[in-house]
């Protein structure tokens, strides 16, 4: 089918450019760290970054999908701005409680993480204080997600990707001559998240009146959880695969291998980042068409599917061909991760092909089926990792990710056809 929806292409292009800016800045941060730190210490930073982003995602308990789904469908009118603020206020209340609980668990388990995940090389105090990074990252992510729900796509993408990287770069430059000493880079990373979290508040300044005034929340914490928890697996299971890969690699392999694998993951995740940019453009439009113009949804669905396949396929091919050159930028020793990178790129492409199909499950309120498929793929991923990592190292973990994504995408497409989710739009 010919892609003739110029608006879709234009907005997708803008989203990808905004995402690319954030990606580029994050790669600058990673290159600085890998070129200036010993490989084992670079592995520690990568593991800490993985922990903070992963734990913060789990602590949100699906609120991001609830915000996007419900706020994006709010009717236009004079009360729209107030209604949006009420949703954000309710999300804040729930996130405050859940984030504190996850921070408490982090602090309590810090001594165990120090031994199991960091080979007893990381200092305990910054590791425990890094629990606050969960709070700061949740601030950044929630504000970015809310902006996506209110159709401010570019601001959303720049906030979640570029803002933390800019904060980190500024601090690295300020402390350039001693950031490598005594694990100071850990404190710099934590402080950068604090700065980015506070700065992200400016993004939602027009809703401050709804956030900070005394009022009865539109939704209680229990009501928010009732809406968000069924959506939580959608939000975190696909990321959880990468998260578990990283954690199991950290637990089963030395820090030097963690650095290799973490670098390959971040290079391959360019595909995932572009996929998120496409999702940020496609999903709100699909939701709006479902409610207001269902006769247009089927055509848009296939246009979006072809767009995702074309963008991710081209990107994976380019990165795969230039893989050794790209990895050498992080340091000559990182070229050893080329095989893992190619496998991970294939896994990202396979995962991306299920995007529009998965979104239809959400729109058609078939979330339980999608959740079951996600959980099954996650189980496949864990079992495959435990079997393959001891035998094949980082390539084994990458292969486990590929196997899990093949399982997920195959299942999503199969049940999409079986349940005839597009029949209402013929």
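Yeah, the Cβs are placed from backbone N, Cα and C, and that goes for glycine too.
Curation does not apply to TrEMBL; its annotations are automatic.
Residues or ranges marked as transmembrane segment by TrEMBL: 12-33, 45-63, 94-118, 124-146, 158-179, 185-208, 229-253, 259-280, 300-322, 334-361, 373-392, 398-417.
Packing against the transmembrane segment (398-417) from elsewhere in the chain are residues 238, 241-242, 245, 261, 264, 339-341, 343-344, 346-348, 350-351, 353-354, 357-358, 360-361, 369-370, 373-374, 376-378, 380-381, 384-385, 387-389, 392: each is 6 or more residues past its ends and has a CB under 8 Å from a CB in it.
Taking pairs at least six residues apart, the transmembrane segment (373-392) and the transmembrane segment (229-253) share three or more Cβ pairs below 8 Å and count as touching. The stretch in 94-118, 158-179, 185-208, 334-361 that contributes the largest number of Cβ pairs under 8 Å to the transmembrane segment (229-253) is 94-118.
Tertiary neighbourhood of the transmembrane segment (158-179): same-chain residues 18-19, 21-23, 25-26, 28-29, 32, 36, 137, 140-141, 143-145, 147, 185, 188-189, 191-193, 195-196, 199-200, 203, 273, selected by CB-CB distance under 8 Å and a gap of 6+ residues from either end. Residues 30, 33, 37, 91, 94-95, 98-99, 101-102, 106, 113, 117-118, 122, 127, 130, 133-134, 137-138, 141-142, 145, 185-186, 189, 193, 224-225, 228-236, 239-240, 243, 246-247, 250, 255, 258-259, 262-263, 266 of the same chain lie 6 or more positions beyond the ends of the transmembrane segment (45-63) yet place their CB under 8 Å from a CB of it.
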